[in-house]
Amino acid sequence: MQPLTHMDHRPPARRDWRVFWRLTRPHTLTAAFVPVCIGTVLALGETSIDWLLFAAMMIASLLIQAATNMFNEYYDYQRGLDSPESVGIGGAIVRDGFKPKTVLALAFGCLGLAMLIGVYICAESSWWLAVVGTICMAAGYFYTGGPVPIAYTPFGELAAGFFMGFVIILISFFIQTGDISANAVLTAIPVAILVGAILLANNIRDLDGDREKGRKTLAILIGRDWAIRLLAMMFAAAFLWIVALVALHIVPLWTLLALLSVPKAIAAARGFIGKTKPAEMMPAMKATAQTNTQFGFLLSVGLLIAHWL
């Protein structure tokens, strides 16, 4: 049941494509887009690409990410965490007048579509992926749903990095090759770190509000200053990991193109320093997501160049 105070203050409902687009939280969708691209490009070195499978995997991943964001929107509203002044949310309920049950239905609709696409992916690769896919969708729901939401614990960054970074890369690789290689596993690690960094940046931004609402995120447990330091260390770890892979001849020299995203990472980490208001930290939050996008794009380009040469 909806909180009565929220029902009283919801504005008249607005319906246009921009509202639905904001509800997906597009600045987070790169966390789904980048891993699929990297997993597919890694597979290019071992087999010819089935582009229909690639497209199916991309759409399914984006749908799961969008559903996760919608569950977040719904459950944060139900728990009284969101208001019209909240930043970083879609705002469909508190600003655009959507009924909470509509947002919840859209979330389950996205998961349903992802499941249908998943049937095709499994039929073309392996039915064992049905188990993995179900676990991924469950993680998307329990990120903010259920009695103990993952997002309210210190394990949000780990869960996001593992499922949306690491696992998605390996699934994207597997459906093309029918196997998992050590190189794919090792290359997935820095991407998982950067996906986790997006969640850490989000929790740094929302630290004060989350603490007031009783959340126990990693940023709250270690404090704002150490959370910013950890964010910087995660960026450094991702970049140094790629350098190490090149030095060990695990990935080609061209993958060092990913280091061109270092300036964006520096801007992201610096953007949080000395800031306490969520609105002030939004540029740094976006820069963190852009670091993931740039890193993934440049890494993919480097792998493509090495393949063509």
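Each position is counted from 1, following the chain as shown.
Each Cβ is built from the backbone N, Cα and C atoms, and glycine gets one as well.
Among the features that TrEMBL reports, transmembrane segment is placed at 28-45, 51-71, 103-121, 127-143, 155-175, 181-205, 226-247, 253-273.
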Checklist entry - For the transmembrane segment (103-121), which stretch among 51-71, 127-143, 155-175, 226-247 has the most Cβ pairs under 8 A? => result 51-71
Item to check | Selected stretch (most C-beta pairs under 8 A with the transmembrane segment (127-143)) from 28-45, 155-175, 226-247, 253-273 | outcome: 155-175
Checklist outcome for this item: For the transmembrane segment (155-175), the candidate among 28-45, 51-71, 226-247, 253-273 having the most Cβ pairs under 8 Å is 28-45
Checklist entry - Cβ under 8 Å to the transmembrane segment (51-71), counting only same-chain residues 6 or more beyond its ends: which ones? => result 23-25, 28-29, 31-33, 35-37, 40, 90, 103-104, 106-108, 110-111, 113-114, 117-118, 120-121, 124-125, 133, 136-137, 140-141, 143-145, 164, 168, 171-172, 175-176
